[in-house]
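I have a structure here, written as structure tokens, and I will follow up with some questions on it.
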Amino acid sequence: MPWFVHRASSLMVLCSLYLLIISLKLQYSSSQPTTTTHIKTHTKTHTKTHIHTATHTTTHTYNLYGKPGDGYYTQVEIGTPPQKFNVLVDTGSSNLAIAGAQHDGLHSYFIMKNSSTYQHTEQEVNVVYTQGSWKGHMGRDIVRFPDLPEALPVITDIAIITTSNKFFVNNSHWQGIVGLAYRALSQPQGKSVPWLDGVLTQQQHLNNTITLKLCGPDKREAYASHYGRLFIGSDQGDCPPPVVTTPVKRAWFYEVLVVEIEVGNRSINLPCASYNTDKSIVDSGTSNLLLPPKVFKAVVAELQSHTVSLIPSLSDEFWVGNEEVCWPEDHQAWDVFPNITVHLAYDNTSAFSIIVPPKSYLRPAQDKDSTCWVIGLDQSHTGTVLGTVVLEGLCLTFHRDRSVIGFSESTCGPPITLGNIDKSAVDFESCVYVSRGVSGLTLASYIMGALLGITGLPLILATIRFACRWNVSPRLNHEVPFSTLDDVST
């Protein structure tokens, strides 16, 4: 074989090896643990730490508690002997994490050396949110949720939070978080098992479902306390019929598909993919309804047009959540604010609506009396987040194995209404956000393919030429003497 064929072959091999190394590096980088990027919106609240136990009434057992803007928490016991804490109930993450050192605003934290069953691991963990973050290390210990009797104690992975930045609410009632989303979000990725997954593995008779009922403020306590119900392992839970479902698009967050948003009876008239840029999720750990910037601006503009008659007028600071307004519950202002309606996909061509009244998206201001309110809307650069201002007044069942979420009108909470299932002429697949970017790994594969084609072309041409020249098999032709066939063929 001539020299240039050897050179082309060598060049091709070297380029292939070089690009393969680059591709593997990019692939390794892209496979490293990523962190949740949605916003956990909480504001300053309490002055003491309390441990709640379930409240018993004649009809319900409530095991979730909270304050306006502070999320809902439940009691947990960790270690031997048990150390008692409250943890935020969060459908927007998957880790069980607890403060393992003193943090500003916290009055208690998990003391590892005081637990005879605690097992330390060397695995570090770092979770970064759009606002706030925490760092720590992984460990294992026995965990029990006393207000979830259906979930038996289990030895599970725990993230021990050693440092944090804007994660804990000042003087909060909770000292950690229990994530109830899918395992794909658990940090470090592929190296930790969420508490819920551990319970379901240990108790295989339990259904892979969770039921969440957020009741909002208890008016008997002048909006000082929220309450709700969490149930593990039942298809029914407390949710009354009728129940309407929406599919979970991807099993990481509880990602759903928003197909329309209306203010009053008027659509904000944006392409439906803009509502889901870059995703839409159901997140009990976020207080507000978060919207992508374009959607947020359109919704606020519609709200402003409806409330222009208010005297005094509402300031710009109010619309971005930095200022509260104060008026009694029977004030005429409540009649000026319109409903906000969020439409979720039922299937590819049908949708149902969640009608959110003003007394849901205007939530009680913290550290104030019951006559002051702040807007429960905010903008997000990571997509739409259906937080507690949308979820309060609903009963949700997360059918994790079936990848659907059931919605029904709750027996408690604000008067949120579910609309009928309506057919659409639009295929809602067009509402799915599609990234315009190209990942590093994909780009590397394109470059590799192009260079391999360029470097391999001379080799291919040379191979064809020499194959034709040296490897042509003689074919008998009775009209040509055999002795001259080779000369004729060449």
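Sequential numbering from 1, following the chain as shown.
Including glycine, each Cβ sits where the backbone N, Cα and C put it.
According to TrEMBL, the record shows the following:
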{"type": "ACT_SITE", "residues": "ASP90", "note": "active site"}
{"type": "ACT_SITE", "residues": "ASP283", "note": "active site"}
{"type": "DOMAIN", "residues": "72-408", "note": "domain 'Peptidase A1'"}
{"type": "SIGNAL", "residues": "1-31", "note": "signal peptide"}
{"type": "TRANSMEM", "residues": "443-468", "note": "transmembrane segment"}
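Distances, neighbours, how buried they are, the whole picture for these features please.
Around the Cβ of ASP90 (active site), 23 further Cβ atoms fall within 10 Å across all displayed protein chains.
Cβ-based neighbour count (10 Å, all protein chains) for ASP283 (active site) stands at 27.
Summarising model confidence by region, the domain 'Peptidase A1' (72-408) averages a pLDDT of 92.
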According to DSSP, collapsed to three classes, what secondary structure does ASP90 (active site) have?
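Where ASP90 (active site) sits, the three-state DSSP reduction gives strand.
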Compute the C-alpha separation of ASP90 (active site) from ASP283 (active site), stating it in Å without decimals.
7
